[in-house]
């Protein structure tokens, strides 16, 4: 049991190292030639689905509005985002993708799908009962971490 605890600790430390300064962990590498942060790519992916405000993006990404503002300023400057004001309240600004950003957003979405597919492929190495145990373990561990 002690070795399992050590293995879990090593796994979590590796996750932290891989995730440092990133919003999420994705398997594989982006092939885009554009140097964007993971958060910026995720913003583009969210905006490919619908126009959103800074507050809505921050809530969906679970980051501060300041972090979103910083990421958005750079994306606007690079010509990847356009802004529009709310017709009812001109103080509210919505962001939407430009044609330049669409391929990057699509690639990030594909990267998400590849990551989920990889998790599914790893899970198939275990029986359905083992998968249930893994799920219970992960749920309990997340509960302890929070």
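Using the three backbone atoms N, Cα and C, a Cβ is placed for every residue, glycine included.
As annotated by Swiss-Prot, DNA-binding region applies to 54-77, with the evidence given as sequence analysis. Through the fold, the DNA-binding region (54-77) approaches residues 23, 36-37, 39-40, 42-44, 46-47, 83, 93, 95, 101 of its own chain, all at least 6 residues removed from its boundaries and within a Cβ separation under 8 Å.
Summarising the environment of residue 112 (Zn(2+) 1 binding site), the number of other Cβ atoms within 10 Å of its Cβ, over all protein chains shown, is 16. Residues annotated as Zn(2+) 1 binding site in Swiss-Prot, with experimental evidence given as evidence: 24, 42, 108, 112.
A 10 Å cutoff on Cβ-Cβ distances gives residue 41 (Zn(2+) 2 binding site) a total of 26 other Cβ atoms nearby, all chains included. Residues or ranges marked as Zn(2+) 2 binding site in Swiss-Prot: 30, 41, 107.
Swiss-Prot lists 1-143 with the feature domain 'HTH marR-type'. The average pLDDT the prediction assigns to the domain 'HTH marR-type' (1-143) is 87.
Neighbour counts were taken as the number of other C-beta atoms within 10 angstroms of each residue's C-beta; across the binding-site residues 42, 107, 108, the minimum falls on 107. Cα of residue 107 (Zn(2+) 2 binding site) to Cα of residue 42 (Zn(2+) 1 binding site): a span of 10 Å.
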